[in-house]
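Report on the following structure.
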Amino acid sequence: MTGGASDATGNATGPVHQAWPGLIAAYRDRLPVEDHWTPITLLEGGTPLIHAKRLSEQTGCTVHLKVEGLNPTGSFKDRGMTMAVTDAIARGQQAVLCASTGNTSASAAAYAARAGITCAVLIPQGKIAMGKLAQAVMHGAKIIQVEGNFDDCLELARKLTADYPTIALVNSVNPVRIEGQKTAAFEIIDVLGTAPDVHSLPVGNAGNITAYWRGYREYHRDGLSDRLPRMLGTQAAGAAPLVSGHPVTNPETIATAIRIGSPASWNSAVEAQEQSEGRFLAATDDEILAAYRLVAAAEGVFVEPASAASIAGLLKSIEDGWVKPGSTVVCTVTGNGLKDPDTALKGMPEVTPIPVDPAAVVAKLGLG
């Protein structure tokens, strides 16, 4: 946020830059927090909404990217985690626990460290990007690998926190997580002046589509937006329970963040889709990876593979006519590409050394 300042004579002295206060401070009157609570914050939220010039030209739409990978731990999860850990501290809980395919663990560990409490993470065996696991390890989380998939981990986490009430479950089944995540919709309307025609986002555990829809509805209810968007949720073809209408026992996709076979927020996600006259669709791993490369090369935005599902979903919806040219579209890209560098490096051409010679560089670049 910026403004102007003047000296005692009234002459301008230059811009004043007001720091972003974190999402609880920014939207406190719209969040379930008590006045005396001290937010546990890393100044999350306030992420940029970037006009995607080349995607707009390609689709015939006005496309914006909500770049959630610029949150403190590199994903949208920080929006909900500031709320969940703040709430846990206010309730006197001593530890936080989550099941995670990666981003939730990184966020939970960081905010627990900030609060000075213990964090435990249940991860599915061999189903997590190492960049995300490294974050949780560095923040001091206790990592427990489970012989099962994400859904098994979440069920175990539910049972543990039911039996031990001093431990807070900080997955998106915790309702205050959704409250924090809805603020992204507020930010979009604050920038655009109204909701987009279509909001496209990846869907894994389905908390985020639930949260965005809640945020859009609240602003619309209060007269801060004159319309509601259609919600477009894209799942990976190998992990698409909302598309097929039934849980997937063994979900498989390169997009680890959405490799979930039984979304915890299933019912509320379907409600968002139905009420908004939106839809769910599936994108193959090849389609997701193509979108992943496209948004990096064409827009300069490096995202993790799951994030690119929102772009893949938009491209498929343009192709089949569900999104009309001229529409205003926001695509949420949920996590930073540095979370999963291994995927970026797959298929990279071999790098061979050249002599220390300008002519060799010119030849290598094909400029001669």
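From the backbone N, Cα and C atoms, a Cβ is placed for every residue, glycine too.
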Same-site pyridoxal 5'-phosphate binder from T328, T334, T343, given that TrEMBL records N103, G204, N205, A206, G207, N208: T334
Maximum Cα-Cα separation (Å), residues N103, G204, N205, A206, G207, N208, T334 listed as binding pyridoxal 5'-phosphate: 14
Number of other Cβ atoms within 10 Å of the Cβ of N205 (pyridoxal 5'-phosphate binding site) across all protein chains: 26
C-alpha spacing of K77 (N6-(pyridoxal phosphate)lysine) relative to T334 (pyridoxal 5'-phosphate binding site), in angstrom: 8
Those binding-site residues of G204, N205, A206, N208 having Cα within 10 angstroms of K77 (N6-(pyridoxal phosphate)lysine): N208
In the chain carrying N103 (pyridoxal 5'-phosphate binding site), residues 6 or more apart in sequence that have Cβ under 8 angstroms from it: T73, G74, S75, F76, K77, K132, A257, T334, G335, K339
Cβ-based neighbourhood (8 Å from the centroid) of the pyridoxal 5'-phosphate site, residues N103, G204, N205, A206, G207, N208, T334 excluded: F76, K77, S172, P202, V203, I209, A257, I258, I260
Binding-site residues compared (G204, G207) - highest count of Cβ atoms within 10 Å: G204
